[in-house]
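Features as listed in TrEMBL:
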REPEAT    9-43  repeat 'PPR'
REPEAT    65-99  repeat 'PPR'
REPEAT    100-134  repeat 'PPR'
REPEAT    169-203  repeat 'PPR'
REPEAT    204-238  repeat 'PPR'
Amino acid sequence: MSKHECTASVATYNAVIGGLCEQGHVANALELLRKMQSCGCEPNTFTFEILLKGLCSVDRWDDTEEIRKSTLIGLLCQRGLTVQAIEVFKQMPKKGCPPDSTTYSTLIDGLAKSGNMDQSLELLNEMGNKGFDSEINYKLLAEYLHDEAKIEEAIQMVHKLQDKGISPHTALYNTILLGLCRNGKTDHGIDILANMVSDGCMPDESTYIILIEGLAHEGYMKQARELLSKLSSKDVLIDSMIKNDGLLLDQNIHIS
């Protein structure tokens with residue numbers, strides 16, 4: 001399934017996860033759940049039901065509570081009960097069941113779909129600061145930044161967090177940058193990058209890739225080359241980026 005994981009439907013994932021659980025390979029089923037989410041395929045209630053049965057069958061009782069809470073949060077969000085979903089989320093650590101990346105992803109997605117971008121972005125920032133992989137979440141959230149007003153809302157979230165004494169995470173900046181690039185505003189992204197660095201938040205590889213691709217797409221070749229040269233020591237990443245996307249190669253951007 002590895003070659004087609006990112007094109008598989010939730011029904012396909014459920015079938016494979018169910019098969020793994022039936023054979024007692026629950027650890028593999030949980031790993032597939034993480035891969036499923038990293039490919040942007042959100043699990044449904046049936047996914048969690050399958051995993052609950054599988055965890056119970058191998059006496060992994062500690063993990064079942066986490067799955068139950070994620071299921072409940074997902075159901076509440078689907079019904080528009082985001083206030084209740086947030087309350088369940090807040091209660092999890094008090095019950096000895098701190099939220100994992102699956103729980104964060106479920107709530108972030110539910111809040112964004114219901115229009116609660118401020119809370120969704122704040123959770124994304126918290127998720128990143130706690131060390132969870134948030135790449136798939138910032139890519140999904142960037143889809144909601146479809147106009148200047150939404151992008152400005154995300155930028156204001158950076159200031160709100162700073163006012164609270166909370167450090168904006170790279171994932172939050174990457175969300176804004178991706179939103180700008182998708183809206184043809186990559187030139188503004190350079191200013192955001194400068195602000196990001198001045199605020200003490202170091203860009204990661206994804207930050208540069210977002211901007212390089214955005215600049216190349218909009219014809220800002222000089223700026224794209226300058227950013228690409230900063231990654232010149234990371235040959236594997238650059239080769240992979242060019243092969244997978246082809247955009248930089250098509251635009252004739254080479255490392256100086």
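Every residue, even glycine, has its Cβ placed from backbone N, Cα and C.
Automated prediction, rather than curation, is the source of TrEMBL annotations.
Taking H, G and I as helix, E and B as strand and the rest as coil, DSSP gives the repeat 'PPR' (65-99) the counts 27 helix, 0 strand, 8 coil. Residue counts for the repeat 'PPR' (9-43) under DSSP, split into helix (H, G, I), strand (E, B) and coil, are 26 helix, 0 strand, 9 coil.
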